[in-house]
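Positions annotated as active site, proton acceptor by TrEMBL: K229. If you look up TrEMBL, you'll see G120, W122, D148, D164, D189 marked as S-adenosyl-L-methionine binding site. The domain 'Ribosomal RNA methyltransferase FtsJ' annotation in TrEMBL covers 88-272.
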Amino acid sequence: MVDIEEFLSRKYFVIWRQVWRRTGATRIKSSLLLEGAYLERKDRKKKTNKKRFLRFPRSESPTFSLQMGKTSKDKRDLYYRRAKEEGWRARSAFKLLQLNEQFNLFKDVRRVVDLCAAPGSWSQVLSRELYEKQSNNSETPARIVAVDLQPMSPIDGVTTLQADITHPRTLEKILEIFGGEPADFVCSDGAPDVTGLHDLDEYIQSQLILSALQLTTCILKPGGSFVAKIFRGKDIDLLYSQLGFLFEHVTCAKPRSSRGTSLESFIVCQGYRPRDGWKGTLDGKNLLTPEQFFEDVNLGKRIKFDPDLPNTKDFEEERHIAPFIACGDLSSYDSDATYTLEDDFRTISLDPVQSPTAPPYKKALELKRLGQLKIHVK
């Protein structure tokens, strides 16, 4: 048994404080599940101890799990199982496939950059749809570059870079691989570790998108496309406006393989048009924040004139509502639904398509193998 106060002292303080207030729990078992926790709750009226299984709302579910059962939500997810059967490293591969079906993103694409690429499911899609098909048709295959802070296992036709997308050296390396030519398509499926606080998650994700946009404006050719994951919140219209200053068409898309209960969507930006007289550059001496980087272009702002002071001008934020499109065939599988199994169904355990290259628990496994891992539990 582990005191709940031990959990409250960690970074999941907000989530466990809510559990404390709602249940009056005094202790919590160490075998946690992703969808809930098994608590001991003292009934003061009857003066007896009762055990209760607490179900978290999705927005407040802990972002970690000490134990994952075979019947967990991820294991029962249809797209999760299809990804393993078809050789995709993650179920997110179906999201890019459905986005491409709707927007024809891969047309006439020769140079692609996949940002925040690990574990590499989107890079797999790019490899199969561009590199392999063009190679089979005796064409010059597309050049694909995948960038991530974490190491990635090799993929056919994909050059992987373990680098920071905000560092100027990363830009130089990508242009070197492309022979100095700009990219036709840039995509990013990256997202921060969610906290369960939607406003905070939305803000951090928007900053990640703007960081990816910094690199994109330096390598994307005019008329190119940019796709990134977003969290739709109450202030997402500001991000739409910022992207609308650089692209002709900005669309919010929700693939059918993306769970409807999730805030996740994808922003599809087509027709890159740099602002007149402005060119994005990454300076190796002075690393700039997204706000500083786009300061000269007044991204997401419009001029506001004061009639009382005609010789002065000010800027105010401009809001924009992007069209929303649900991608994927309506007759295809629903990621939130549960389907009945066929009569001749039989269970076959499949190994992961690609084992984690640098998991956070790697050091703990090494210590356990050497017999040096010590766990202190009250």
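Please read every residue number as a count from 1 along the shown chain.
Cβ atoms are placed via backbone N, Cα and C, with glycine included.
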Number of Cβ atoms other than its own within 10 Å, given for D148 (S-adenosyl-L-methionine binding site): 21
Residues satisfying Cβ distance under 8 Å from D164 (S-adenosyl-L-methionine binding site), sequence separation of at least 6: L149, T170
Mean predicted confidence [pLDDT] for the domain 'Ribosomal RNA methyltransferase FtsJ' (88-272): 91
Rounded to the nearest Å - Cα separation of D148 (S-adenosyl-L-methionine binding site) and K229 (active site, proton acceptor): 15
Where D148 (S-adenosyl-L-methionine binding site) sits in the secondary structure, as DSSP reduces it to three classes: strand
For the residue listed as 'active site, proton acceptor', the number of other Cβ atoms found within 10 Å of its own Cβ: 21
The residue listed as 'active site, proton acceptor' and G120 (S-adenosyl-L-methionine binding site), Cα-Cα, nearest whole angstrom: 15
Surrounding CB atoms that lie within 10 Å of the CB of D189 (S-adenosyl-L-methionine binding site), all protein chains: 22
DSSP-derived class (H/G/I helix, E/B strand, else coil) of K229 (active site, proton acceptor): strand
Alpha-carbon distance [D189 (S-adenosyl-L-methionine binding site); K229 (active site, proton acceptor)] in Å: 5
Cβ neighbours of W122 (S-adenosyl-L-methionine binding site) where a neighbour is any other Cβ within 10 Å: 28
